[in-house]
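Remarks on the structure that follows.
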Amino acid sequence: MATTKFPKFSQGLANDPTTRRIWFGIATAHDFENHDGMTEENLYQKIFASHFGQLAIIFLWTSGNLFHVAWQGNFEQWVQSPLNVRPIAHAIWDPHFGQPAVEAFTRGGASGPVNISTSGVYQWWYTIGMRTNQDLYIGSIFLSFAATAFLFAGWLHLQPKFQPGLSWFKNAESRLNHHLSGLFGVSSLAWTGHLIHVAIPEARGQHVRWDNFLTTLPHPQGLTPFFTGNWAAYAENPDTASHLFGTSEGSGTAILTFLGGFHPQTQSLWLSDMAHHHLAIAVLFIVAGHMYRTNFGIGHSMREILEAHKAPSGNLGNGHTGLFDTVNNSLHFQLGLALASVGTICSLVAQHMYSLPPYAFLAQDFTTQASLYTHHQYIAGFILCGAFAHGAIFFIRDYDPEANKGNVLARMLEHKEAIISHLSWVSLFLGFHTLGLYVHNDVMQAFGTPEKQILIEPVFAQWIQASHGKTAYGFDLLLSQSTSNAYAAGQSLWLPGWLEAINNNNNSLFLTIGPGDFLVHHAIALGLHTTTLILVKGALDARGSKLMPDKKDFGYSFPCDGPGRGGTCDISAWDAFYLAVFWMLNTIGWVTFYFHWKHLGIWQGNVSQFNESSTYLMGWLRDYLWLNSSQLINGYNPFGMNSLSVWSWMFLFGHLIYATGFMFLISWRGYWQELIETLVWAHERTPIADLIRWKDKPVALSIVQARVVGLAHFSAGYILTYAAFLIASTSAKFG
């Protein structure tokens, strides 16, 4: 009986006599399209079933957070005093801890060593109405059941009787309706319901749970105003500025408001504003989900909409003709669009979590603020790089030139030189000018003439801030001018709390900006445009270029076309992705440095340090990186250790992983192949060791594989190093 060797999905690889079988097997495990015997229908079914597994993992993970906080955390103590108790994520059980470590990590009122939570879950659960450990346990158990249900659903949809057919997967209108109405619309409506029935009453000291849920009116007039059209009643009598969150003191009765600004005590958005926001989104999306033609012969057809989109001027050729089938038949195109959207949204989450904090007391937990910002920006970067990667794979595997003749997609390819060269020009302009300004300022400081620095006020950005109501700059226009119509309307009609919030120095709305911000803004613009240049060029040149017209025949990732064809190395679409990730990490480094340093000054009440030191490179290196590393690297020293020691160690460990990346990035395949052959020679001639044999002949990783291993270590090390720096430097200052 012959045992089937890994990988089962590729007979060719399973029969490979070398260790390539293992590494290529792992590398192509998720490339379902290219597996043996894969049909289009089976491909869709496999991916569909895997979505249930994904949801199960997410629910299980969230369930674990709830469970560990309920079991080992201090949620009930934190609720009593959110600003003075440090939230505990979970206990640490480590038999290696000496007494100093046990004492250093015993905090937050715990009886033994614990980890402090910097994820914001305490603030989130508190805001949505949870108050006891029992609430957390119930949530945890519910999510465990939900995860189980999703796992079962995933299994079920792989059974022949319950596998949807290909036509079901390609029914674009039904899917649009379902996702718009069902997922976005109804879930937003359900969330509005939770906020109105549970969270808002809890914020006013009224405890609503399943036992009194149906007997407690969320508004004194019940549904009467809704049915009589007197909707304004729901906005009357909002919570006052003196409201104590979680109590009835200073509370009102409004459930759907348009107050704007922040709750003065919690520094977070008004719950009644958020309920109103989700209700509006629910209405919009439920309506949107009834717009597409399915069973009843009414509504829009996506195909008809796209076929009709031809610019009357003729300047866009065939417009959107042919795009319906191109998108609907390409999973890579769809994934590219989805990743581009989600990546952008993820970056917006990073921006809004600190500028418009939705959770009570989040704004006063500085380490959590910094962590959430950094976390969401890095994730956005990876997701957006993935969008272009799948865009490139679409061009190689799925694009049909005949079906897209003269449409906007074909026209993008036809004028790709103009697109790529413009991005190149912008990147060069930004790079030389920004670096030139920074370096000039360094030289002036170094030569003892700091007054000769070139310091440019960002007047256009300040003008935009002023038009939204920021008065600090003295630009009298629109909302920053008390005699303007916009200002008058803003007082009564919409968001009366906005102008107070935007001119309050205790939050992060429309921060005051100067020459340092102007420079770092352009440094970040350089990073964004260079990353985009590499990604866009990779996708637009994926099918071929003047240098290599037959590139698409070589697939998504290839190292070179042999020794006989010079210049074909490093030009696969995969290589563009690989290079772009380095630029992405570089850019997000600048973004997070900027956010963190500027906020450290605001939180410490010392904004002048950023303003004075951020205009030259040595200022960034000395007053941000070096100065904020000092406490971190003293987590352990000759005199002992403290609670930052774990971050000190992780800082070193991150550097180690990062440096390991270069080992794979700098020394290439031939070096490893020679080394491996030497090691095999030695192994076979060493007593005892020579008893151990293997079937696969050891060979080095391919060039592309070595690059991906190098990239993975570079990325992981880079992020772990900064995570340790960020958490240690922030928590050391603010506890």
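Glycine too: its Cβ is placed from the backbone N, Cα and C atoms.
Values in this document were obtained by computation on a predicted structure and should not be read as measured data.
Annotated [4Fe-4S] cluster binding site per Swiss-Prot: Cys560, Cys569, in sequence order, evidence recorded as sequence analysis. Counting every protein chain shown, the number of other Cβ atoms lying within 10 Å of the Cβ of Cys569 ([4Fe-4S] cluster binding site) is 13. According to DSSP, Cys569 ([4Fe-4S] cluster binding site) sits in a coil region rather than a helix or strand.
Under the three-state DSSP scheme, His655 (chlorophyll a B1 binding site) falls in the helix class. Taken from Swiss-Prot, the feature chlorophyll a B1 binding site applies to His655, supported by sequence analysis.
Annotated chlorophyll a B3 binding site per Swiss-Prot: Met663, Tyr671, in sequence order, evidence recorded as sequence analysis. Counting Cβ atoms from all protein chains shown, Met663 (chlorophyll a B3 binding site) has 13 others lying within 10 Å of its own Cβ.
According to Swiss-Prot, the phylloquinone binding site annotation covers Trp672. The number of other Cβ atoms within 10 Å of the Cβ belonging to Trp672 (phylloquinone binding site), over all protein chains shown, comes to 16.
As annotated by Swiss-Prot, transmembrane segment applies to 47-70 (among others).
Residues or ranges marked as transmembrane segment by Swiss-Prot: 136-159 (among others).
What Swiss-Prot records for 176-200 (among others) is transmembrane segment, and it gives sequence analysis as the kind of evidence.
Residues or ranges marked as transmembrane segment in Swiss-Prot: 274-292 (among others).
Among the features that Swiss-Prot reports, transmembrane segment is placed at 331-354 (among others), with the record citing sequence analysis.
Positions annotated as transmembrane segment by Swiss-Prot, on the basis of sequence analysis: 370-396 (among others).
Look at Swiss-Prot and you will find 418-440 (among others) tagged as transmembrane segment, backed by sequence analysis.
Packing against the transmembrane segment (518-536) from elsewhere in the chain are residues 385, 388, 419-420, 423-424, 426-427, 430-431, 433-434, 437-438, 456-458, 461, 576-577, 579-580, 583-584, 586-588, 590-591, 594, 614-615: each is 6 or more residues past its ends and has a CB under 8 Å from a CB in it. Positions annotated as transmembrane segment by Swiss-Prot, on the basis of sequence analysis: 518-536 (among others).
Here Swiss-Prot flags 576-597 (among others) as transmembrane segment.
According to Swiss-Prot, the transmembrane segment annotation covers 644-666 (among others).
The transmembrane segment annotation in Swiss-Prot covers 708-728 (among others).
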(message) Checking distant contacts: for the transmembrane segment (47-70), what same-chain residues at least six beyond its ends satisfy Cβ-Cβ under 8 A?
(response) 32, 88-90, 117, 119, 121-122, 125, 133-134, 136-137, 139-141, 143-144, 146-148, 150-151, 153-155, 157-158, 164, 169, 331
(message) Which residues of the chain, 6 or more past the ends of the transmembrane segment (136-159), have a CB below 8 A from one of its CBs?
(response) 45-46, 48-53, 55-57, 59-60, 62-64, 66-67, 69-70, 75, 125, 130
(request) Name the secondary structure element type, per DSSP in three states, that contains Tyr671 (chlorophyll a B3 binding site). (result) helix
(request) Enter the number of other CB atoms within 10 angstroms of the CB of His655 (chlorophyll a B1 binding site). (result) 15
(message) Return only the integer: C-alpha distance in Å from Trp672 (phylloquinone binding site) to Met663 (chlorophyll a B3 binding site).
(response) 11
(message) Using a Cβ cut-off under 8 Å, which residues of the same chain at least 6 positions beyond either end of the transmembrane segment (274-292) come close to it?
(response) 172-174, 176-182, 184-186, 188-189, 191-192, 195-196, 200, 235, 255-258, 299-302, 358
(message) So if I draw a 10 Å sphere around the Cβ of Cys560 ([4Fe-4S] cluster binding site), how many other Cβ atoms end up inside it?
(response) 16
(request) Give me the Cα-Cα distance between Cys560 ([4Fe-4S] cluster binding site) and His655 (chlorophyll a B1 binding site), rounded to a whole Å. (result) 32
